[in-house]
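First comes the structure, then the notes that go with it.
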């Protein structure tokens, strides 16, 4: 281990950047669909040793002293995000004649931009760097700050946060009932990076002992929580049917296929109950599953009424149109409708957190003012964002907290009012991304919201992964990717959580300050010995 550490420490220039890239790429294998937990225990020690090799001189300017560290962080981040987000390019091939030109911007450009956050992480860490366990704490602080900023800056994109690598299965997800993802990010980096101490010796006993204790607590708490009785269904029980139609995205966008698509959803809705099961009370369709403006098609509402049996409720993703006033084009919302057995819309909720460049064009007014209206007109999007999230109340009193598409990756989208609901509802359409890691990563991140909130999740996805997940993050029923069909299950009940979002936020700041003090004291000790 010492020999390997020495070789990595002595790297410089392009060799150092390339190894940083490989370390980031390796770290990505700890995320879904691979979930190779051990990969992070190799990649982060490599990162520590690369930073160890950054030599600075007092007579150099601040930029020259910090730039090598930032470049290491950027190389690591570029490998990590390129390996984890390449599948975004699939979306640009659905209408390749219009958008294939933009594919490199997503596949290479987005990882290059996101890598700047990890450049910042290493930059912060390098300012506090020392030669013992303090540098492990410094790296944890740096990544904690970077991942926290990534969760909200520029509308936020916390996809594949480092902490998810420490939670590959429900057993290792239970810490999220106590800590938020931001805290888990920091502690995960500390644990992943601690083996670097073996390669350099100093502080190894203390650092590895702390890392082992954190890891043991993480696993032990998971065993404890999963050993508790599973949450019991609320009374009266409600059976939920998930419809997974597997409609190709190109077909969804073909106007000639609209009627066929609608009838496919209805046929799956009307399928008989599964063997030994009861008739579903609630049927859930995926995001934008209704292929037209439903309020403009009374015949479609009548068809829904024909298919639904007495007392059944349909919850379906749809595009909702709203009159914007005389002479103005209508506003469109990515929405969820609740429809009763008479074909009446009895509830609706609109998406709050839209996808930049996918559902709306940032700075569209600026582009138009610069005379670039043709670019704005040819970009995807056109949705308006809701000003607030409306909880869906179903006939009979059940309440669902809606999360449309990638809203489910944002822990902060689920506020305190969610606990008043009976379940989280996530509808999505991942057909854009094909059979790639993307849909698996999306499901994994959505799954964690159940443990944070103590609520079960109902998840309907066009091409998968559709599932009902209980409040412990355990899969009750599910449909794999590209499996066309339905699955029914009784909706599980709630489960208490150890902390609320406010307390978790305080724990994050306390943990960050504590690690910062450890790093600062170690740094001060290094300076004292040097002088």
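If you go along the chain as it appears here, the first residue is 1 and each next one adds 1.
Glycine is treated like the rest: Cβ placed from N, Cα and C.
Keep in mind that this is a model prediction, so the values were computed, not measured.
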For the record in Swiss-Prot, which of the ranges 157-177, 178-198 is the transmembrane segment one?
178-198
Can you tell me which parts of the same chain pack against the transmembrane segment (8-28), counting only residues 6+ beyond its ends and a CB-CB cutoff under 8 A?
34, 39-40, 42-44, 46-47, 49-50, 52-53, 71-73, 75-84, 118, 160, 162, 165
Which of 34-54, 74-94, 128-148, 206-226, 501-521 has the most Cβ pairs closer than 8 Å to the transmembrane segment (178-198)?
128-148
Is the count of Cβ pairs under 8 Å between the transmembrane segment (206-226) and the transmembrane segment (128-148), pairs 6 or more apart in sequence, 3 or more?
yes
Let me spell it out: take the transmembrane segment (34-54), skip the flanking residues so only those 6+ beyond its ends count, and list any with a Cβ under 8 Å from a Cβ in it.
5, 8-12, 16, 19-20, 22-24, 26-28, 68-69, 72, 76, 122, 125-126, 129, 135-136, 139, 162, 165-166, 168-169, 188-189, 192-193, 195-196, 199-200
Long-range neighbours of the transmembrane segment (74-94), counting only residues six or more past its ends (CB under 8 A):
16-18, 20-29, 31, 43, 47, 50, 100, 102-103, 106-108, 110-112, 114-119, 121-122, 159-160, 249-250, 253, 358, 432-434, 436-438, 441
May I ask which residues of the same chain, at least 6 positions away in sequence, place their Cβ under 8 angstroms from the Cβ of residue 351 (active site)?
333, 334, 335, 359, 383, 385, 386, 404, 405, 407
Mind checking which of 287, 405 has the fewest other CB atoms within 10 A of its CB? They're the active-site residues.
287
